[in-house]
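Structure first, commentary second.
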Ligand SMILES: Nc1ncnc2c1ncn2[C@@H]1O[C@H](COP(=O)(O)OP(=O)(O)OP(=O)(O)O)[C@@H](O)[C@H]1O
Ligand SMILES: Nc1ncnc2c1ncn2[C@@H]1O[C@H](COP(=O)(O)OP(=O)(O)OP(=O)(O)O)[C@@H](O)[C@H]1O
Ligand SMILES: [Mg+2]
Ligand SMILES: [Mg+2]
C-alpha cells in the first residue's frame, strides 16, 4: 500500500541455502508484524562483486532502510558507504561486526563466524574430542571457511577440513572414507545440519561407530535435531538466523515510523541445541523458523 | 516406352521454391511414368537438386502441386516420400561419416529379428546384404563395419546408390550418381538403371553427361535457371542437340571445336 | 611436351601410405614436369586422392620420398605445400559452408590493405576478384557474400576450382574437378587447364572421364589398388586402350557393347 | 527389390584383400573404443592402489565409492545417449531436485501411496522432457540454451515448492516413514542380497564391525540399477534399430532425416529418457536420505556430461557408448572419493580432481588411438 | 596468376539476376544476425520498463546494471571469439580467481608495484592459456574436457594459494591501500569522466544524494573496457584476415588447414586471448572490490558461454559475432540485476532468470529468421 515504508535486505546467502531461508523467513515475518514492505535479495553464489552491485541497486531505490550481511568489508564497504551517504539507515547482520562502526552502520545483529567457531571448537574439546573432521560443503564461501577456521583455533587440536560438494551421496561416502582411512578421527562437524549433519549421522551409524565418533553440526534441521534428541549426535549450533532477519527489519520499521533505533550491537549466537532442548525445536525447524 | 495416356507415377505441376530472396525454382512441370527413365539435365545451379528435394520430401514447395499416382500429396518429411515408394540418391549422399557402411546402408530401414521387446537389428544379415550389394556394383568393401568416413569418394557414392537401388520400390531418383565413379562402376550403374526400368519402376536420372543420359534415358527434361526448357523424347532429339540445349546454344560450339569434340 | 631430361617439378618415389591396417598406397612413383598435364586415372578406391593428399601436405607418407624441383621435401601441413607453390582442388572441396563465397575464396591468402596494426582484409577487392573469377568459369554468383552452403554442388565445385587456378603458382592439382560440372563449365575448366599448362605450370588432373583426360593430358598414369600400372604418353596409347587399362581389361568390353559404347 | 537384380559378373571373388595388413583376432577383439575408458580406469585404480589407504579397496570401500558413482552413472547413461543423439540436457541436475520434490511431496504432503507417487514423479519427468524436446525442435534453438533455461526454472520451482510444502523450510522430510511397508520400496531403497552378505559375514568372508554387524550389509540398490541401465542402453545402442537411429540423428540430423530416420521422434524419446533417468536418481536419493532439499542434484548435469566425455562421447554427437559412460562414471566417482583415502592435503581436492581427470582422459585417448590405428 | 587468363567469352553480363526477389535497401541493411540479439534486448528492456521501479532506468540504475554486464561481457567477448574458433574455455571462471590471486598476492604479499603486478598477472594468464591450447592441440582431446580439468585445477590452486597468502583464510584484502597513488591505477579502477559528471550534477542534470554528492560519479572503467574490446573484436572478426582464419578454423578445421590457414596458431592465439580477458576481469574486480576470495569468477565461464549463445554464437563453432556477445551480456546483466527493481520474490529469482533467458533467445531467433529469410 502507499505510505508503507520499504526495507531492502541484501545478503550473501542464496535463497536455497537452508540457513538463509530462515533469515528470510524472519525478515518476512517482521515485515508482516510491523506492516512494512520487505524485499530480500541475494546473489546466486558467494559473489562479493555481484553483491556490491545488488547493494548499489538497492540504494538507487531509496528505501526507508537497508539490511546487509557483510562478509567482506573491503568489497562491500564502498557500496555501504554510498548507502549511508544517501541518508539510508543501514543495519548489518550475520557477519561484519568489526567493520560496522567504521562504515557508519547503525547497529549489527549476529555473531562473527570466526568467534562463533572458536566457541564451538572449545565446546567440542570440552566434550572429549581429540581429532575433528570439519566437513565444508561449499569451499571458498568465506563465511563457511571462517567457521572451520574458528573451530580450529578454538579446538586447539588437529582439525581436518574436508571439502565436498552439496551432494548427499558424495558427502556420506566421503565421511565414510575419511573415517575408515583415519581411525583417529572422533568428531565429525558439519557446517550445515540438513546437508552434512544428517549424512554424518548416517555414515557414523552405518559404520557402527556410534559409540566412538561424535557428530555435531552448525545450523538446525529437523532430521538432525531428531538425531540429537536420540543421542546419535552431540549438539547443533544455533546462530538464531530467524532473529538475524527479524530484528533488523523490525528495528528499521520503527526507525522509519518513529525514528528509534537500538544503540548497540545485538549478539544472536551461538547457542547450542542439545539432547535436552532438541525435542522442542524440531517442529519449528521443520517449518524454517529455527 | 513413355506412356502418355496412363496415369503418371509422379507429376509435378508448376512448382516454385524460394529460399529467402533466392528463387531456386520458378515454375516447373514434369511427369514420370512407370517403366521409363526421365533424365533431368541442366547447367549448374539450374535447380535440379532443389526440384528433386521437393519430390523426396526434403523441401516443401513454395507453391505448385505434386501428384503421385494421380493423387495430390504433400510430403512433410523424407520418410513420407520413402513410404510412398520414392527412394533417392542425394547429390550430397546423406551419409553419416562416423557410422559403419552397414549401418549407413540400412539407416532408417533396419532389418529386424527376434520378437516383441527383444526385436533386434539383424546385423549379420545386414552385413551380408551390404557386402553383396556393394560387390554387385563393383566395390569390394574390406569390412562392412568400416566407417563410411574412411571410404574414397567413389566408394561412398556406390554405397548411396546401392542403398537406393536396394530399397527403391516405385520410383528411383538419382542425383548425379555417376559423377565420382570409375569406368567399371559407371557402366554397372547405367546397366542397373536399365534393369530397374525394365522391372517397371520409374527413374529420374540427373547427370551432366549427355552420353550417359542418352544411353539409358527415354525422355529428357532440361532445366535452365529454375524453369523447364521443355521435355523431349529420345527419338525427337539428337545427342548434340541435347548437349546444345543443356549448355545454352552457341557457346558450346566454340569450345567443342577447340577441344576436338571430346567433352 | 613432356620433358624427360629436365628436372621434374614434382617427383614421387615409391611412396606408401597406411591408414591403421589399411594399405591405401603400396609403393607409387610418378613425375610431373613443367608445362605438362599429367592425368591420374584409376578405379574408385585406387588411392588417387590419397596420393594427392601426400603431395598437398594433408597426409604424411608412411614411407617413400617426395621431391620438388629435385630437392627432397617433407610437407608438415598443407600450408607448406602451398608455400612451395602447389595449389590443390580437393575432391571434398575443403570449403566452409557457413562462410561467404569471398571468404572461402581467399581463405588463408587474404589480400590486405592499410599499414601496420591497421592492416585489414581488403573485402572490396576480394569481392571483385571473386565475382570476376567465378564469371570466368561460367557462374554468375548472385552475391559474393552469400554463404557457400547455399550454393549448388556444381557452383561449389566452381569456387574451389577458381580458387586453385587463381592461386596456383607452380603446380596445380585437380582431384575430379569436373565431376559435378555442367557442359559449359566443364569445357571452361578444360580450356583453363590447357591455358595453365601453356603458361608453364605442371598440372595433375584426376578424372574418371577418359575423354576429358585425353583432351588435355600429355601423359597418363594409371593407379590400381594402391599401385601404379605404368605411365603412358599420349602418342603411345589410344583412348580405348586407356579406358580398358583403367577399368581392368575385359570387363569393360561387355559393358561397352551392351550400352552401345556410350560411356 | 532385394536380390532380384542379376548377379555380378565383375566381382572377382577375392579370398582376402591384399590391401589389408594382417591383424590378429586378439587385436581385432580389443579394437573397441571402450577400451580407452577401461584404460583410464585401470590407471586411476593403479594410482590409488599405490597411494591410498588399503581400506579403499576393501569390499566396504568399493561399495562406498560405487554408490555415488552409480547415482552419477544413471544420469551419465542418459546424458550419453542424448549426447550421441546430438543434444544436451543441462536441466538434468535441477530435474533431480524437482522430481525429488514431486516424489517427496506426494508421499509426505498428500500421503499418496508409493506406486502412485512413483507414477506422478515419472510422469512429471516425462512431461518436462517432452517440453524440453518440443521447444528445442520447434524453435530450432540449441538444446544447450533451452535446457539451460530449465536448469534455472526447475531449480527455482523446487525452492518455491519446497517452501510451500514444508511451510517455509528448504527441506522436506519424513519420506522413510511414509513408505514403510510398501512392497515397491525394496526396488528403490536399501541393499540387496543382504541374506547372502550376512551369511558371508558369518563365515568371516566379510569384515565385521566391532558390534558384530557385517561391514557391508548388501549391494546398494542403485548399483544394480546402474548396471541394468548400462546393459539396456548398450543393447539398444548396438543391437537395435533405435540405436542406429540415435547414432544417425547425432551424426548428421539432416542426412538421417533424408534417409528416413524419424529424427524428431528419436530426439523426443532421448530427452524423455534422460529426464526419466533424472527422476530415477531423484527417487533413489530421496528414499536413501529420507528427505529432499533445494540443492539436490546441484551441478549433476555437468558431472554427467563429464563422465560421458571421459567415456569417449563426442560433444558434437554421433559417437560414444553407454559402456564408456559407465566406466567414466566410475572413474569420476573414484577420483571424487579417493583423495580422502590418501594422505594428500584435502585443500588440494580440486587440483587433484582436475589432474586425475586430465590424466585419465589423456591415457584413455592414447589407448584408443593405439588400438584403433592412426586416424 | 591473378588476371592473366583470357577474359570470359561466355559470361553474359546481366545487370540483375531474375532469380532474386526484390529486396529493399532497408531490409538489406537490417539483415544482420546481430539484429536478433538487439531484438532480445529490446524485449527485455520493454519488460523491465513496464514492471520495474523507474529508478532502474535512471542514470545510476543503468550504470548499476551495466557494470556487472561489462565484467561478464569482457569474458563473453573472449569466449565468443574462442567459440567461433571452434573451442571452449571452461577454465575462464577459475582463471579469474587464479589471476586475482596472483594479482592481489603480488600487491599485498610481495608489495610489488602495480605495473609489475599487472605484468605478472597477464603473463600467468597467457601461460595458462598456452597450456590449455597445447594440451588440446597435441592430444586432440576436446577442449571442453581439457579446460574442465583446469577449471578444477585453477580453482583448487586458488584456494591453496589464498590460504597460504592470507595465513589460513580464503580472502585476501588490502589491495586498494597497496595501489594508492599508482599512475596506472585509474586505467583499471574507479570511474572516468568524473569531472564531467560532477559538472552535470551541479547543473542538476544528474540526481544527487541528500549530502549533495552526485548519484553517479562517472562511468565505471569496466564499461569502457567492455566497449573497447567489443569494437576491437568486431574489427578483427569482420575486417582482418585473422577474423577470416577464426571463422575458418571453427567452421571446419580440416578444410581450413587444407586451404593453408594456420589453424593451430589461430587456436593458440584464441586461448591466450580468452585467458587474457579473464585476467583483465580479475584485475578490474580485484581493484574494484579491494579484495579477492576463492569464489571469484565462480561459474563465470558458464555465464560467458550463455551470453555468447544468446548473442547468436553456435556451440559447434564457425558462426557468431562479438556484437552479439555484447548484447547478450547486457541482456544477461540486465536480467541478473533487474529482479531487484521489481517486486518479485527472491525465491522466484531462478524461475525468472530462466524464463527471461528463454524468452529473449526465442525472440532473438524469430527476429533473426524473419530478417535472414527461410533457412
Ligand atoms: N582415413 C582412412 N582410413 C582408412 N582407410 C582409408 C582412409 N582414407 C582412405 N582409405 C582407403 O584407402 C583407399 C584409397 O582411397 P582414395 O580416397 O585415395 O581413393 P581414390 O582413388 O581417390 O578413389 P575415388 O576415385 O573413389 O575418389 C580406399 O579404399 C579407402 O577406403
Ligand atoms: N538453401 C538455399 N539458400 C539459398 N539459395 C539456395 C539454397 N539452396 C539452393 N540455392 C540456390 O538455388 C539454385 C539451385 O540450386 P540446386 O542445388 O537446385 O542446383 P542444381 O541444378 O542441383 O545444380 P548442380 O548441377 O550444380 O548440382 C542455386 O543457384 C543455389 O545457389
Ligand atoms: Mg545439384
Ligand atoms: Mg578420390
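Every residue, even glycine, has its Cβ placed from backbone N, Cα and C.
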Of D:9-30, D:141-162, which range does TrEMBL call transmembrane segment?
D:141-162
By a Cβ-Cβ criterion of under 8 Å, what residues six or more beyond either terminus of the transmembrane segment (D:268-287) are in contact with it?
71, 74-75, 77-79, 81-82, 85, 87, 89, 91-93, 95-100, 103-104, 118, 121-122, 124-126, 128-130, 132-134, 136-137, 143, 175-176, 179, 185, 188-189, 221-222, 225, 229, 242, 246, 296-297, 300
Report the listed stretch (D:183-201, D:221-238, D:302-320, D:348-367) having the maximum count of Cβ pairs within less than 8 Å of the transmembrane segment (D:90-110).
D:302-320
Taking contact to mean three or more C-beta pairs under 8 angstroms, with sequence separation of 6 or more, is the transmembrane segment (D:35-52) in contact with the transmembrane segment (D:302-320)?
yes
Range from D:64-84, D:221-238, D:302-320 with most C-beta pairs under 8 A to the transmembrane segment (D:348-367):
D:302-320
Need a quick answer: max count of Cβ pairs under 8 Å to the transmembrane segment (D:221-238), which of D:64-84, D:141-162, D:183-201, D:302-320, D:325-342 is it?
D:64-84
Taking a Cβ cut-off under 8 Å, which residues six or more beyond the ends of the transmembrane segment (D:325-342) line up next to it in the same chain?
34, 37-38, 40-41, 44-45, 48, 51-53, 55-56, 61, 64-66, 68-70, 72-73, 76-77, 79-80, 226, 230, 303, 306-313, 348-349, 352-353, 356-357, 360
